[in-house]
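Features reported for this protein in Swiss-Prot:
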- 142: N-linked glycosylation site (CARBOHYD)
- 149: N-linked glycosylation site (CARBOHYD)
- 342-410: region 'Disordered' (REGION)
- 1-4: topological domain 'Extracellular' (TOPO_DOM)
- 64-74: topological domain 'Extracellular' (TOPO_DOM)
- 141-168: topological domain 'Extracellular' (TOPO_DOM)
- 254-261: topological domain 'Extracellular' (TOPO_DOM)
- 5-29: transmembrane segment (TRANSMEM)
- 40-63: transmembrane segment (TRANSMEM)
- 75-97: transmembrane segment (TRANSMEM)
- 118-140: transmembrane segment (TRANSMEM)
- 169-193: transmembrane segment (TRANSMEM)
- 230-253: transmembrane segment (TRANSMEM)
- 262-285: transmembrane segment (TRANSMEM)
């Protein structure tokens, strides 16, 4: 694989990584059903993948040219991708722990896992990622080693900017790989095994002796489907990143072995960066709520198609209604709860002059036109304030489904 082919493939990966993960963040932003603690970590993971496309891949392309630079400037370019890798690892680990709590102790989940705690954990994960990834900047590097070839080529105080020339391999193998990649991956493997074993045990218990107050079988199956989807993401992360780390281990432990050829290194680097592209496809394939929201975004904002109002659906573009009593009607517009009032008014028990009124009765309209009807955003309330989704539907309202309902099998 030549350097020009490598650069073209890397640029294609960068574009796909940016577009796909922006779509993930956009979906969570506009769809209140996706705004939950687990998806906070998903957004953090998507942010790291966006940064791979925007920064890490251009840095990797620049380093591949072997340009002359100050050693610490080159070192920053080389280490930045390690920061993003570490952030992805921590986000995946946080998601695994979140799903473990949801399945093992579901009754305590809402008390233990809150939005504020999740945001705090995400902030800590990013701080740790920068500390771990930029450790070579603090002195664990090859900048102090004199390289006569670099001095002749680039001049005094400058080096040929190549990854292995500035980042020591003992840091990459012992510190980066063994401590902060392999160990978290093994921990995630153990967590997901515990999740599936616990779910299997609970399903068998439900079949033999169902207990009052337990979750229904369908709810638990949705949780298991969610865990499988996220376990696939962890598996793909390992599949994409382990080849590059294995090559580093051979380079470090077998000094007499022939160095990996350039085409193999290019292939391993491309595979590692391609991990930033795959996650949105997994969400779209495995998670119904993400898939529907992706379609809605593409149709509405890319293809510029307006979706007509569908009863029971999650989209509405127009509403014509008239009655004699003022009453709120709740709808959802592109995933957002909405209140519909005549003339932009608050609820009113009496007949409205110069416009329509909405209510349970079937009366006619007074003066005015359908243009007087407008949609006002209504504050979304958490599930604790509502008695249940069935009650909402019975009252003509739309509630927020549980997180696991996003992962209902297609």
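Each residue, glycine too, has its Cβ placed from N, Cα and C.
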For the topological domain 'Extracellular' (1-4), mean pLDDT (0 to 100): 79
Chain-internal residues near residue 142 (N-linked glycosylation site), provided their CB is under 8 angstroms and they sit 6+ positions away: 71, 165, 166, 167, 168
DSSP residue counts for the topological domain 'Extracellular' (64-74), split into helix, strand and coil: 5 helix, 3 strand, 3 coil
Per Cβ pairs under 8 Å, the stretch of 5-29, 40-63, 169-193 packing most closely against the transmembrane segment (262-285): 5-29
The topological domain 'Extracellular' (254-261) - residue tally per DSSP class, helix then strand then coil: 0 helix, 0 strand, 8 coil
